[in-house]
Amino acid sequence: MYVSSLLFLYASESYESFIFHFQMCYNKAHNGFMPSIFQQLKGLGEGLQWKVGISLDHQEKQTSSHEKEMTSPNSATRLIPSDWRRELLAGTVSFFAAVYIIIVNSSILADAGIPQEAGIIATILASAIGCFIMGLWGNAPLVIVPGMGINAMFTYTLVQGMGLTWQQALAAVMMSGICFFAISMTSLVEKLRTAIPASLQEAISVGIGLMLVLIGLHKGGVIASDRSSVIAVQSFADPGVLVTLATLALTCILYIRKVPGNLLLAIIGGSALAYLFKAVPSKAATGVGGSSWSSYGDLFGQLSVKGASITTLVIAVFSLTLVIVFENVGLINAQLKMSGRTERFKRVTQATSLTVILSGIFGTSPTVSTVEAAAGISAGGRTGWASIATGTLFLLSFIAMPVITLVPDQAVAPILIFIGGLMMPAVRHISFERMEEGLPAFFIIAFIPLMHSIVDGIAIGFISYALFHIAVGKWREVKPLFYIISLLFVMHFVLQTM
């Protein structure tokens, strides 16, 4: 009778009732009353263990043993159904938190001369393949996409500032990825991170954030170049200005209220406002030619160093590598701690560096481990399956390409401004009590946006930091590797005068 009842409960998936009756049978059998039934129950229980997540012999240790399995390198093969659902949910949450990058990154790449359609395809491929590599090699729930800030460095510093073509800039991306991969195979990645003072690392983040704000205001038509005052605010009678500011307000409100997919919703809302108030140029209103892959053929694998100055290329690769290391190492470490997977640090760093190499081939700015992965980790992501789920959704976004190409600048610009604002809290970690540390940090923060060059802003901050510490007799506090980096930046400025 017990066996037939259990089979009925099993078939009806009444797990709680099944477990209760199963334990009764097991206890009686274990005490010697029904040895034959015990054997039947034991066989049934062993076959059912994957479904209800209990162990006949170690039920009281289920939670702790399962946690150990979830953090082991091969845990993906031992996931129970509830784990699979949680990983899928986490990957979906991460995707909707980061999907805005498809629109924003392609818009920034377009300013470098890369066709927007091709930029969309490159962004999707780099994100999808990056997430797959992270899931399969890194086995961690992190998300890899082209980084905000470093994409601005690609377009506005390397291409527009240093005079590289986008083909040469892509070559610099691939070479910086190779450097990052070589560094990730050794202990140099940690030495490089610790050699740079924390105040300067935080200042770089703040400076890039301010540069994003400046780019966003200009892209949204709120400000424009002016000979008399350098920057001039545009008329608020312009519908484009009003749409940009309204979308910025919408973005902030959605974020403050913690609405899921807030940035994506803000882009959709901003696009609707732009078309409603006819703030969209005719070119954007008609799209850029559908979802044809023909334009991508002119981008994929087109990286080239032909015609590039060796010194300019070296500085570009060196600066990119520094920023890539800074953006990734600290964030990877924090997110792995959050997910309880700190033992995966080396593999995750290697996976990230591999995707940077592929970024140059696909035709986009460097990929990074993005902060949006925290949303997926909070939703329960613990293994690489969450990343694989995110990558799969990125591939499926190809379906939406005809719609993505219709998104106007007025819907993208507020996202740049908002993300720049999110980078401001880093200023709290900068100490201005010791001016030999505070002033170089200030120089980086001010000069990156005002000189419109991430490389030059970092260079001035690094050189002044070394100089000030020597001047006040605290040169021993600075690591030798930092002096070497500072000298390389000095050479950068010297070569510019020749």
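Using N, Cα and C of the backbone, Cβ positions are placed for all residues, glycine too.
The feature transmembrane segment is assigned by Swiss-Prot to 88-108 (among others), with sequence analysis given as support. Beyond the transmembrane segment (88-108), the same-chain residues lying 6 or more positions past its ends with a Cβ under 8 Å from any Cβ of the stretch are 116, 119-120, 122-124, 127, 141, 143, 145-146, 148, 151-152, 154-155, 215, 219, 260-261, 263-264, 267, 364-365, 370, 372-373, 375-382, 385-390, 392-394, 397, 404, 407, 409, 411-412, 415-416.
The transmembrane segment annotation in Swiss-Prot covers 118-138 (among others) and rests on sequence analysis. Listed as Cβ neighbours of the transmembrane segment (118-138) (distance under 8 Å, sequence separation of 6 or more from its ends, same chain) are residues 98, 101-103, 105-107, 109-110, 144-146, 293, 295-296, 298-300, 344, 347-348, 350-352, 354-355, 358-359, 362-364, 367, 369, 383-388, 390-392, 394-395, 397-398, 401, 404-405.
Among the features that Swiss-Prot reports, transmembrane segment is placed at 142-162 (among others), with the record citing sequence analysis.
Per Swiss-Prot, transmembrane segment is recorded for 169-189 (among others), and the stated evidence type is sequence analysis.
Per Swiss-Prot, transmembrane segment is recorded for 203-223 (among others), and the stated evidence type is sequence analysis.
Same-chain residues lying 6+ beyond the ends of the transmembrane segment (259-279) with a Cβ under 8 Å from its Cβ atoms: 93, 96-97, 99-100, 103, 238-240, 242-244, 246-247, 250-251, 285, 406-408, 410-412, 414-415, 418. Per Swiss-Prot, transmembrane segment is recorded for 259-279 (among others).
Within the same chain, residues 142, 147, 149-150, 153, 157-158, 162-164, 168-169, 171-173, 175-177, 179-180, 183, 189-190, 192-193, 196, 201, 204-205, 305, 345, 348-349, 352, 356, 366, 368-371, 454-455, 458, 485, 488, 492, 495 sit at least 6 positions outside the transmembrane segment (312-332) and bring their C-beta atoms closer than 8 Å to a C-beta of that stretch. The annotation transmembrane segment is assigned in Swiss-Prot to 312-332 (among others).
Annotated transmembrane segment per Swiss-Prot: 357-377 (among others), in sequence order, evidence recorded as sequence analysis.
Beyond the transmembrane segment (388-408), the same-chain residues lying 6 or more positions past its ends with a Cβ under 8 Å from any Cβ of the stretch are 87-88, 90-92, 94-95, 98-99, 102-103, 106-107, 116-117, 120-121, 124, 127-132, 135-136, 143, 267, 270-271, 274-275, 279-281, 284-285, 287-291, 376. Residues annotated as transmembrane segment in Swiss-Prot: 388-408 (among others).
The transmembrane segment feature in Swiss-Prot is assigned to 412-432 (among others).
Panel annotation: around the transmembrane segment (443-463), residues 152-153, 156-157, 160-162, 200, 203-204, 206-208, 210-211, 213-214, 315-316, 319, 322-323, 427, 482, 485-486, 489-490, 492-493 of the same chain, lying at least six beyond its termini, place a Cβ under 8 Å from a Cβ of the stretch. The annotation transmembrane segment is assigned in Swiss-Prot to 443-463 (among others).
The transmembrane segment annotation in Swiss-Prot covers 478-498 (among others).
Among the recorded stretches 142-162, 169-189, 203-223, 412-432, the one sharing the largest number of Cβ pairs closer than 8 Å with the transmembrane segment (357-377) is 142-162. Remark: the transmembrane segment (203-223) makes no contact with the transmembrane segment (169-189), by the rule of 3 or more CB pairs under 8 A. The list of residues near the transmembrane segment (142-162) in space but at least 6 beyond its ends in sequence, with Cβ under 8 angstroms from a Cβ of it, reads 94-95, 98, 101, 104-105, 108-109, 111-113, 123, 126-127, 130-131, 133-134, 169, 172-173, 205, 208-209, 211-212, 215, 312, 315-316, 319-320, 323-324, 327, 332, 335-336, 348, 351-352, 355, 359, 364-370, 372-373, 376, 387, 390, 416, 419, 423, 452-456. Counting same-chain residues at least six beyond the ends of the transmembrane segment (169-189), those with a Cβ under 8 angstroms from any Cβ of the stretch are 112, 154, 158-159, 302-305, 308, 313, 316-317, 320-321, 324-325, 328-329, 346, 349-350, 352-361, 363-366.
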